[in-house]
Amino acid sequence: MVRECFTFLNIFVLHSIGSHVWFEDPEVAWIDGEVEKINGQEVVIQATTGKKVTAKLSKIYPKDVEAPAGGVDDMTKLSYLHEPGVLQNLKIRYELNEIYTYTGNILIAINPFQRLPHIYDAHMMQQYKGAPLGELSPHVFAVADVAYRAMINEGKSNSILVSGESGAGKTETTKMLMRYLAYLGGRAVTEGRTVEQQVLESNPVLEAFGNAKTVRNNNSSRFGKFVEIQFDKQGRISGAAIRTYLLERSRVCQISDPERNYHCFYLLCAAPQEEIEKYKLGHPKTFHYLNQSKCFELVGISDAHDYLATRRAMDIVGISEKEQEAIFRVVAAILHIGNIDFTKGKEVDSSVPKDEKSKFHLKTAAELLMCDLKALEDALCKRVMITPEEVIKRSLDPQSAVTSRDGLAKTVYSRLFDWLVDKINKSIGQDANSRSLIGVLDIYGFESFKTNSFEQFCINFTNEKLQQHFNQHVFKMEQEEYTKEAIDWSYIEFVDNQDVLDLIEKKPGGIVALLDEACMFPKSTHETFANKLYQTFKTHKRFIKPKLSRTDFAVAHYAGEVLYQSELFLDKNKDYVIPEHQDLLGASKCPFVVGLFPPLPEETSKSSKFSSIGSRFKLQLQQLMETLNCTEPHYIRCVKPNNLLKPAIFENVNIMQQLRCGGVLEAIRISCAGYPTRKPFFEFINRFGLLSPAALEGNFDEKVACQKILDNMGLKGYQIGKTKVFLRAGQMAELDARRAEVLSSAAKKIQRRIRTHQAQKRFIVLRKATISLQAICRGRLSCKHYDNLRREAAAVKIQKNGRRHYSRKSYKKLHVASLVVQTGLRAMAARKQFRFRKQTKAATIVQAQWRCHRAISYYKKLKNGVVLSQTRWRGRLAKRELRKLKMAARETGALKEAKDMLEKKVEELTYRVQLEKRSRGDLEEAKTQEILKLKSSFEEMRKKVDETNALLLKEREAAKKAAEEAPPVIKETQILVEDTKKIELMTEELESVKVTLENEKQRADDAVRKFEEAQESLEDKKKKLEETEKKGQQLQESLTRMEEKCSNLESENKVLRQQAVSMAPNKFLSGRSRSILQRGSESGHLAVDARSNLDLHSHSINHRDPSEVEDKPQKSLNEKQQENQDLLIRSIVQHLGFQGNRPITACIIYKCLLQWRSFEVERTSVFDRIIQTIGHAIETQDNNNTLAYWLSNTSTLLLLLQRTLKASGAAGMAPQRRRSSSATLFGRMSQSFRGAPPGVNLAMINGAAGGGADTFRQVEAKYPALLFKQQLTAYVEKIYGMIRDNLKKEISPLLGLCIQAPRTSRASLVKGASRSVGNTAAQQALIAHWQGIVKSLTNFLNTLKSNNVPSFLVRKVFTQIFSFINVQLFNSLLLRRECCSFSNGEYVKAGLSELEHWCFKATNEYAGSSWDELKHIRQAIGFLVVHQKPKKTLDEISHDLCPVLSIQQLYRISTMYWDDKYGTHSVSPDVIANMRVLMTEDSNNAVSNSFLLDDDSSIPFSVDDLSKSMEKFEIADIEPPPLIRENSGFSFLLPVSE
């Protein structure tokens, strides 16, 4: 067991009766009490527990009664740096859930045994980022940040050493360190998993295979781990490596109750059912390696859930699915190997599997390891001995077989763990170019149990090495402190443990060397090893031989004496694998198993050099120390507050032992050897200035004043540095004793004066009370006599009035009864007469009404039938028309395409009709000419035939005459022959003429037939042309109707309208009237003649010559419009200023867009150009004047659009209600498509001087306009956020100065009369910081007002800024204990009054509810400065004083409060206890546990909010800028008078 060997320096301390002291107690370590009597070297103490104790004067220590109620966050600030002071400070802070405490730059972390997520969230990491050590409350993040900043700034590697016993929280602390370093040096994911992600996720994997439940801890690391996190030049994590030390292999086979084996075995047994069946597993109690303990499950831990989490972590660190399957197959094989039991075989000293169950597990293990079943059995039951002559197989007895089985299991598990570490390192990767790293060492703390074996020896050897490194570091820090303060001092004695290290590691005579020597001899036993130790170290002061044991030995470590049992030292030190096991697993069919047992190199197998666990561990430790010596160390000492592993339990004795083991008390001893008490000058003067009033009244420097105080007290050996007073041990107690005497004397004088004053006051009160009592008695008697007289007079008066009342009452009763009877009789007669007349008149009226009713009923029935028929018919027509209108509204694009097609078809048909007309005329003309030709040719042919017949007749007659006058016969015959020939020729010619005539007749008949066919075809074409014209007319009418239904006309009509607008105002008005008539016609209010005029007008436009409409006018107008847009863009780039608090730029843009009808077109580039212009203008984000100017213009333009534009099809719809919850405007883009508030005054838009005041118009916006509105909304948000963030950046440094000002600008307490001047200067210096904030706020307000930013936006900006101030000040207050003081509360309260005054001056129009946003800091400061806190109840604090603060925030500020002005205390312990109860009830709610505030950077308004907040204004009289004023294209911008 550990024996205390640490004592503090025995320094004589002056004690007096009434002094508060600490004395030792065997049960609770230290108890405080008050000295009652001093007898030489003994004192009688009245303990706070009620008992009286006698103790030696040298064994008691002074108690600081003025120590803060909440302790100090750095124990070097303790007035008395000794064991009880350290223990009490840790206990106080632990009770307040302050688990971290500094001792210089050493962080002590006490395990709370409960989750505290609020102190590890991202917001807390942000707070500690870049904060100097000690500025904020102690935290593990602060140590990590200091290491990281030192590495970045100095370029030197750093290390963080986390130590502590099992269960102290080392593993969790290491996780938080790595998480914070990943937060500082992390980068965005680029290719798969990041280095920091893999490093963090390696923890669950290594915990699963290297952690186990022990007696002291449910998740104890059974190996040492050193994580090297490498960083590149930019400070980003670039690589990492994990090094492990001394895995506890024996735990695989041997565990004790109530411990557990490694977590992975239980995780695998809780795996999904298919995996359990696959590996043939069951409940953990069925396996020998697990059922040696009755603990199978951990409270609050799900092994099934952790198994899946481990598999996910394996995926992240790069272990493939196949490798994971092989890993858990090997783990399952180890469990089955442990269930193989052996019994004696047939041969002597042989063994075989015991039963079928053992054979089953043997077979399963062989299957899982994929090795030969027989070979596995032989490897467990036999040994092979190789001699020069032969190979001998030797059987093992059952006990040796069990040892062989366990050896195989330990070897396989050890190789598996080493493979995991190598795999993780390969997966993470190391950066060869990295020059700096931060190493995080998570290693076992000092251990001492009832049974301490080889593992405890190695662990304590490691801690001895680290303690030497720690002592050197602390000694170095002390030297640096003294050198920094420039004091004269002799070098303190360095506490060294080199003798213990020589005892363990010295060659050749150290314990490790002797153990290796014993392991090399086969016949060595633990008895021979122990005897060797006894002989070698019998004179060593650190080595102890027990009296009652022959094999045990003890070593006096720095933390105490530890007794080791040497029985298993030799077996555990041997580092070799049985050849049969190596051969068996090297021949496995599983590549993974073969990889765990690679073949040994030939030289290694032939080498006879012995290798041991101890030597290898010593070499690893040497390498670790070399690495640590090359780094700048930072220390975290983890402490376990109790062995029950429960929260809110603080075991003093246990913690004192851990502080010794962790070297914390050793560091305090080093400090006590020099100057343990160090007080800054102002604190020293605050506390001890009353011992020498002359030093305060003189005009002295603080340093000189401290010197005079110490000289007056007659102290020797102290030192005064540059900023602090250094006191030797015991001097602080002497000063406190002198101070107590002065205070006691002053208290007696005060008590005497107060008693005199109270007695005098009591006498005066008593005399005054006596006189008052006498006066009251006399007055009472007089009043009683007066009452009697008054009662008698009253009785007489009552009797008189009573008699009169009764008489008058009886008379009135009789008079009323008479009147009632008379009235009744007269009324009865009148009613009877009235009833008769009424009945007569009613009969007449009934008859008349009945006749009228019958006539009206018949008429109404007939009328209702007619109206019903008409209504249904009109309803059917209206529904039909409504469906068409809806279809047209939804299919505007389709209508436009149909319209274009119809226009093309009309043009085509028109062209075809004209072509047909021309072709018909040509055909008629050709037919006429052809008929004429045929007639003329026919007449000619007829004439030729007549001439030929006449000639033939003449020739016949001539022939007859010739025959008659012929000569002789021959002559006549020749003549006859010649005539005959001529006749034949003539006949032939006649026949040919007849044929020709017949042909001509046929051609004439064909021409006539064709002419008749052409006439018929022409008639058909005429009919078709008429039908076509009729269809064209119908199409034109349909086209006209579609034009009336569509909200946008085609581009040709738009150009014609613009031309008409620019040329003649009357035409523009007519076009405007036309659009109004169109909307009126849709509502059913258009007259018939107006509709006909509109149709004619539309018809005339659509039937113009295309060359006239589309070519020249459109081209010229587009060019002119482009020029106008360019001119507009050039003008708005300039700072146009404001006119009548209205931004000119926004108004000009709006009027131009409205005039050009840009909101109603499907395509336009003007919106993009305007947006680009705004974007270029705000590129300089630090120019607040420019940002404010454009915020004013964009918000005004957005307001105009919001009130003017509406989505297509939204006419007549009710305005959409505003969003119920919206974080940002841009996040609610759909809101831009909702209907705007009804109506925009045309007088405001068009510049009309009069009339039209009751006319409202909204524009149905197309997609580009709606998109422009969305972009404008985004720019309003962006510019607003830029202005707000610029103001935040400007005031952030000032806020830091404000909260730190009380520490840096406190006035000196010395220098006599100049103290008031110093106080005034300090107050002015503090207020200067707040005035700097006020000045920034005022400048921003003036900038926003000069640019006419809407007051609504100004209020939102300052509301968020004040919320930011509230968050920053409040968080700083809760994270800095020195800020939670009474004086600091007064300072901050004075600064807040400056902000309140600013809000008052800014008026509610611009400041709004800004002052209310400071409610958290105001109430917190109110708590700091309120008096008599101990008398306040929790209800008063939480409901009256600080109703806004949560219970966590109240608890934090109550525990951190300290009164540096009056020395009063915080709230009562009962209130603190009640707060802790309430916090425990809410412990499951992570959000409620957070005491810090979050800064809200969202956009706190919507478009509707902005629209409703801004009043309507006229833009008709806005003067255009000179650049566009003279341009005729912008004449519409000029007022009407011009």
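Start at 1 and count along the chain as shown; that gives each residue its number.
Cβ atoms here come from the backbone N, Cα and C positions, even for glycine.
Predicted, not measured: the structure shown is a model, and the values here were computed from it.
Of all the Cβ atoms in the protein chains shown, 19 others lie within 10 Å of the Cβ of N218 (ATP binding site). The feature ATP binding site is assigned by Swiss-Prot to 164-171, 217-225, with sequence analysis given as support.
Here Swiss-Prot flags 1017-1032 as compositional bias 'Basic and acidic residues'. Residue counts for the compositional bias 'Basic and acidic residues' (1017-1032) under DSSP, split into helix (H, G, I), strand (E, B) and coil, are 16 helix, 0 strand, 0 coil.
Sorting each residue of the domain 'Myosin N-terminal SH3-like' (16-65) by its DSSP state yields 3 helix, 30 strand, 17 coil. Here Swiss-Prot flags 16-65 as domain 'Myosin N-terminal SH3-like'.
Under the heading domain 'Myosin motor', Swiss-Prot lists 70-740.
Residues or ranges marked as domain 'IQ 1' in Swiss-Prot: 743-772. The domain 'IQ 1' (743-772) scores a mean pLDDT of 93 in the predicted structure.
Feature annotation from Swiss-Prot assigns domain 'IQ 2' to 766-795; the stated evidence is sequence analysis.
Annotated domain 'IQ 3' per Swiss-Prot: 791-820, in sequence order.
Here Swiss-Prot flags 814-843 as domain 'IQ 4', drawing on sequence analysis.
As annotated by Swiss-Prot, domain 'IQ 5' applies to 839-868, with the evidence given as sequence analysis.
Residue counts for the domain 'IQ 6' (862-891) under DSSP (helix as H, G, I; strand as E, B; rest coil) come to 29 helix, 0 strand, 1 coil. Taken from Swiss-Prot, the feature domain 'IQ 6' covers 862-891, and the record attributes it to sequence analysis.
If you look up Swiss-Prot, you'll see 1168-1481 marked as domain 'Dilute'.
Residues annotated as region 'Actin-binding' in Swiss-Prot, with sequence analysis given as evidence: 503-537 (among others). Taking DSSP states H, G and I as helix and E and B as strand, the region 'Actin-binding' (503-537) has 24 helix, 0 strand, 11 coil.
Counting residues of the region 'Actin-binding' (539-562) by DSSP class, helix then strand then coil, yields 0 helix, 11 strand, 13 coil. Swiss-Prot lists 539-562 (among others) with the feature region 'Actin-binding'.
Residues annotated as region 'Actin-binding' in Swiss-Prot: 597-621 (among others).
Taken from Swiss-Prot, the feature region 'Actin-binding' applies to 621-643 (among others).
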Out of G164, G167, G224, which has the highest number of nearby Cβ atoms, where nearby means within 10 Å of its Cβ, if these are the binding-site residues?
-> G164
So, in DSSP terms, is G224 (ATP binding site) helix, strand, or coil?
-> strand
Neighbourhood of K170 (ATP binding site) by C-beta distance under 8 A, where only residues 6 or more apart in the same chain count | V162, S163, G164, S221, D442, I443, G445, C638
Helix, strand, coil residue numbers for the region 'Actin-binding' (621-643) per DSSP?
-> 9 helix, 8 strand, 6 coil
For G167 (ATP binding site), the three-state DSSP class is coil
Other than its own, how many Cβ atoms are within 10 Å of the Cβ belonging to S221 (ATP binding site)?
-> 23
For the domain 'IQ 1' (743-772), give the DSSP counts of helix residues, strand residues and coil residues.
-> 30 helix, 0 strand, 0 coil
